[in-house]
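K.L.:
Annotations for this protein, taken from TrEMBL, read as follows:
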- A:Cys92, A:Cys97, A:His192: Cu cation binding site (BINDING)
- A:Cys92-A:Cys97: disulfide bond (DISULFID)
- A:52-229: domain 'Thioredoxin' (DOMAIN)
Amino acid sequence: MDRRTYLRSLAAGTGVGAAVGTAGCLGVLGDSGAEGAVLGPPEQDLSEAVHPSYGDEMPEFTVPDPITGEEVSTGQFEGDRAFLWTSFYTNCPKGVCPALILRLRRAQEYAAEQGYGDRAAFLPLTFDPQRDTAEALREYAGQQGVDLDAGNWHFLRPESYEAGKELMMDNFGLKIEKTDPDQYETEYTFPHYGLILLVNEQGIVERAYPGGTNTDIEALVDDFDRVITA
Amino acid sequence: MRRRHLLAGIASVGALGGAGAVATGNVPAAPGGDAPEPVDPVTLDTVDAPGSRDGEVTLPALDRPTFIDFFATWCKPCIEQMPDLVEAHDRLGDEVLFVSVTPEDVGGAVSEETVADWWTEHDGDWLVAADVTAELAARLNVGGYPSARAVDATGRVRWATSGTHTTEEFVEGIETALDR
């Protein structure tokens, strides 16, 4: 991946990568961690996946948070907060999206319990801005038990369906396409790849969880905790 | 905080490596054999509704099998399967702790009345609990709603499923957690 090559050259240029490598501590248990990563390599190597994965730089993009009215950039958290990113839409049938949101929401709850909510952020991106208005997202947050008052949860809502579709393809290699509703009651649906990304405060992807709905919640929260408290 | 400052300087990177080693050493114990590990119980508040009461419940139960239905008042398929849960409860309600759990913020964004009204409307007649911190959902790794778990008397999950089910499927699933 370009991103990775870029990162390597960047690391070589600054000496950061080499310093991590020669520190040796990460290698004690046979792991050699990626430059800038807190966690060791994941059990499942996803480096060939189209989406960003372990050790990659998180793509940088800016999208409005319709509830707070802010423009939120994935880059603004650098040096400040680790975050969990996913994509969803509120009309998602069969509970896939509630399962993704549950994973972020549980991490949000855990962060609050641990007292580090101000070092974490949660960035679920909707690719259905047409239906996912500020009002719809606010109601959804209430249903899903999300704490909007914590100040660390930002729903990201692209300006248009086309903008969201482009964002998903350009940054994550994921194709978004409206399909006929068939058996579902909603007007239209999106075949949806339930990806969750855990990104450290340096903007490096620590984990990509591809099967979002099956992702073990406690393992995810544990990874998140290790990244934040490292 | 400390790490943030350290990261700003190249000289500090050794400290990052150290932190990584500590984290990597914290490996969870490998599960032995095929038997699942017992689930650590969580105590939840219960909701005053038909068949339920205002109080607390510890899930899974420590001394008998438990059947947990994860539902939510916004979940349409959860409504569809209520008649089958009612029937399964009629048949096995005496043999397990039979409970429905919502992950909603009951008492916050969602009032207790909303849950009780939903419950009454759909003929629920057993214990309803609120998992407001999603801790139980996390321990039982819920993926979507509805989901169900049948847990044996030793706290081990014997049946884990998501989506709607028939009465027969519920009964069969729950029976896997009995006599263990």
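Glycine is treated like the rest: Cβ placed from N, Cα and C.
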K.L.:
Across the domain 'Thioredoxin' (A:52-229), what does the mean pLDDT come to, as a whole number?
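P.N.:
Mean model confidence (pLDDT) across the domain 'Thioredoxin' (A:52-229) is 91.
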K.L.:
Which one of the binding-site residues (A:Cys92, A:Cys97) has its C-beta surrounded by the most other C-beta atoms within 10 angstroms?
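P.N.:
Max Cβ neighbours within 10 Å, all protein chains included: A:Cys97.
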K.L.:
Using DSSP, would you call A:Cys92 (Cu cation binding site) helix, strand or coil?
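P.N.:
Going by the DSSP assignment, A:Cys92 (Cu cation binding site) belongs to neither helix nor strand, so it counts as coil.
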